[in-house]
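**Q** Below are the structure tokens for one structure; questions will follow.
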Amino acid sequence: MFTVGLTGGIGSGKSTVADCFTALGVPVIDTDVIARELTAPARGTPPDARPAGGLGAAPGGAALNAIRATFGEAVMQADGTLDRAALRRRIFADHAARHQLEAILHPRIRQVVGQTLATLTAPYALIVIPLLVQRQDHPQGAGRGCKADKSATTTHRPEGERLAAYPLRVETSGYQDVLNRVLVVDCPEEAQIARVMARNGLTHAEIKAILAAQAGRAERLAVADDIIVNTASLEALRAEVAALHQRYLALAAAPSP
Ligand code: ATP
């Protein structure tokens, strides 16, 4: 199946763009949703935690046992659910731990993506991969930003709680071989910060810390086949997505080289 990978920095507008594709009938597979399901309580993620049109049903909690075995009770809550804030602190603080978490989640996420793609009959599918591009100088998400993030989560509890509400993201790169195209949502950092502050209530410093740990705009744009510059209205965004949709339909219908 023809596939388009959608990526972009924090608050750039990935979900908004994905929703525009969903509205056009395009199947959307979101690797964040899959990661959340894999680490949800074994009974599965509540349906309302899944974005409209989201695909990629993962067995609820399929990664929980492996996470518990690797990181111990320190990352579990008393009720047996994952303590996301504790796990986040752990992987920001420790490169090796981040690799271990990636080794648990990454293959499982890829497997669910593959299984889901196999069930689809649409002309093409969109796969949302927030961390498709990782920072080259801080491949494990280490660095100044992460330290700032860690201190924010450990010394300022209210901020830590807000950060805990943010999706727990791990390395999901390695998709280049299954993607026909890469679509990057791009917007200036200040717009990203303003949008995330308005949406999640994170502080400017917390968002800067996350941005510092992510790939930069230039690194992402370097792998883009298509770019949406998300600085205009939602109406303009919908029109851009509609034009891209036509392009992808044509590309998907063309015989592969
Ligand atoms: P994250 O990385 O945090 O998951 P994201 O890249 O998926 O974020 P969105 O959730 O789509 O980004 O957008 C962030 C916020 O900005 C949302 O509240 C969304 O409604 C808003 N937003 C996105 N694009 C626009 C736009 N063109 N005009 C106005 N608001 C926008």
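For all residues, glycine too, the Cβ spot is worked out from N, Cα and C.
Quick caveat, the model's predicted, so the values are computed rather than measured.
Residues or ranges marked as ATP binding site in TrEMBL: GLY11, SER12, GLY13, LYS14, SER15, THR16. The compositional bias 'Basic and acidic residues' annotation in TrEMBL covers 146-159. Taken from TrEMBL, the feature region 'Disordered' covers 140-159.
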**Q** Neighbours of the ATP site GLY11, SER12, GLY13, LYS14, SER15, THR16: Cβ within 8 Å of the Cβ centroid, same chain, sequence order.
**A** GLY8, VAL17, VAL185, ARG195, ASN230
**Q** Here are some binding-site residues: SER12, THR16. Which one has the most Cβ atoms within 10 Å of its Cβ?
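**A** Output for this query is SER12.
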**Q** Let's check the environment of GLY13 (ATP binding site): how many other CB atoms sit within 10 Å of its CB?
**A** 24
**Q** Tell me the Cβ contacts of GLY11 (ATP binding site) under 8 Å, same chain only and six or more apart in sequence, or just say none.
**A** ALA191, GLN192, ILE193, ARG195, VAL196, ARG199, ILE207
